[in-house]
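S.K.: Pasting a structure here, questions to come.
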């Protein structure tokens, strides 16, 4: 008698066929998914490079404007100069090469603003570079008064100055020769701390928190060059009021009001205005009426990509150059 299994065999065949079909569909779907991921990755890379291309183009425009400003005003950098005019969000769709799809919305824009970096206090000024190094007493006094004007703990100035000086090698070599009156020696510490590169690095200093950083952010900067003068034509009242002993924000407001009427054309004009307030600028506190360093805040939007960055531009007689670009 023959066994009767044809129905069962047909059922197994159907199930096997369904499983194979499901497996094939899964493999094909996986391949399509991987391809989609690769396409999206390539698209993201393209947007990544294009946003940086747009950023570089914007910075080149800033360099051109700063160069022209130097040619027009070699002795004075004013807060109301054309370089300080904010760039409102400007659409760039027509300038970006891209395959257009019917009905697609595509956005490309750039905006930004340029700030005078020398309108802020350069933390690098706190250190004496060379020899045994140390802290610049006059600059320490300015930074202390700035913290007071901002209602921050003035004792933090000494701690910051010590760390900045040590990062420049102060305390690693023995003091040679007679002591210098404007140099405050620094005791050797445990190793050499890393150099400060941005105001946020103050978080590594005991006593500073995020709230203090936010309050100080618009008043300090870290420039690659030490002992850079403060531009009295662009500095805020809080910093102007920290330039000499016995001054405060009120005197800074008076100096600011005077420059709104007539910009300071040279250092002597500023010193004369201080004299009218009964104050004297200390010899080791460097000020100027022009600037060489500028900060540029940029924002580039391209389709779904967005890039925000700070850039430092150095302007000199022989041209302008980008010192660094930092994404935020």
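Cβ from N, Cα, C; glycine included.
Checked TrEMBL, it gives:
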type: DOMAIN; residues: 119-225; note: domain 'T2SS protein K first SAM-like'
type: DOMAIN; residues: 230-278; note: domain 'T2SS protein K second SAM-like'
type: TRANSMEM; residues: 12-33; note: transmembrane segment
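Any idea what these are sitting next to in the structure?
M.R.: Helix, strand and coil counts from DSSP across the domain 'T2SS protein K first SAM-like' (119-225) read 46 helix, 11 strand, 50 coil.
Note on the domain 'T2SS protein K second SAM-like' (230-278): its mean pLDDT in the predicted model is 96.
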S.K.: Using DSSP, break the domain 'T2SS protein K second SAM-like' (230-278) down into helix, strand and coil residues and give each count.
M.R.: 27 helix, 2 strand, 20 coil
